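Visitor: The structure follows.
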Amino acid sequence: MTDVALSQDVSRFLRYLGVERQLSPITLLNYQRQLDAIIALAGETGLKSWQQCDAAIVRSFAVRSRRKGLGPASLALRLSALRSFFDWLVSQGELKANPAKGVSAPKAPRHLPKNIDVDDVNRLLDIDLNDPLAVRDRAMLEVMYGAGLRLSELVGLDIKHLDLDTGEVWVMGKGSKERRLPIGRNAVTWIEHWLDLRGLFASDEEALFLSKLGKRISARNVQKRFAEWGIKQGLNSHVHPHKLRHSFATHMLESSGDLRGVQELLGHANLSTTQIYTHLDFQHLASVYDAAHPRAKRGK
């Protein structure tokens, strides 16, 4: 079996994912990138057939990937794609067992999410509203910080998802789970301002937030605009949508201490995902202690 034949098997798998599983083009592209990298590694190891692949060869793929500078998280993604591919080959009767089943990547160090402090959030939101797109951006910033939305949830908002009388939005989160969220008085105010101007761009588009071309704004466009506003407003740290979500979670937890409530607002399936913010909260408390407690003031 040549590299071409190896690639043909991968192409068949990708067609299966696209047609039968109906995965998104972005997900398919990610699978293709990972499996193309595996095919290149297979060429380095002299692998001629997927049937020749065993756990030792899969481990060699992992080692070679690490030597090429692939981080633990990216390696885990690559091995996950390979396991899915081998599972499919097993289902097709082309492999007896999945050789990647017992091979795992080293655990990635868990970095605490960085957040923006309250003063910087206020400075970020105090933007120059000299054009309709700036009003749109202010509304997006207010909604993102006011409800802790994921970027995909923000760009996926339609006008029909709003209830401005109650100050709530309906969002579709991960796993097609819908949740109803309060967004706060300021977010409602700026959505109303944006809706007054939105007709300048489109009238028959369902999306709440539009690009200057009158279409649903893209995630990339939101990232770009938020970063630009961070620079314009003089923030020291890079502003991206997920950092606003982190800031929402951290500030909510610091104020309320209600971990379960924050979990529901963020749409986390597992409490353990939300618990990372307790570490951020502890860091805040520890810094207060070190600055204020007499026993913490060493050498004074």
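Heads up, residue numbers simply count up from 1 along the chain you see.
Glycine is no exception: its Cβ is also placed from the backbone N, Cα and C atoms.
Features from Swiss-Prot:
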- 4-90: domain 'Core-binding (CB)' (DOMAIN)
- 111-290: domain 'Tyr recombinase' (DOMAIN)
- R150: active site (ACT_SITE)
- K174: active site (ACT_SITE)
- H242: active site (ACT_SITE)
- R245: active site (ACT_SITE)
- H268: active site (ACT_SITE)
- Y277: active site, O-(3'-phospho-DNA)-tyrosine intermediate (ACT_SITE)
Visitor: Just counting, how many other CB atoms are there within 10 A of the CB of R245 (active site)?
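Guide: A count of 22.
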Visitor: Using the alpha carbons only, what distance in Å do you get between H242 (active site) and R150 (active site) once rounded?
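Guide: Computed Cα spacing between H242 (active site) and R150 (active site) is 7 Å.
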Visitor: These are the active-site residues: R150, H242. Which one scores highest on other Cβ atoms within 10 Å?
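Guide: That would be R150, with the highest Cβ count within 10 Å.
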Visitor: Round to a whole number and give the Cα-to-Cα distance in Å for the pair R245 (active site) and R150 (active site).
Guide: 7
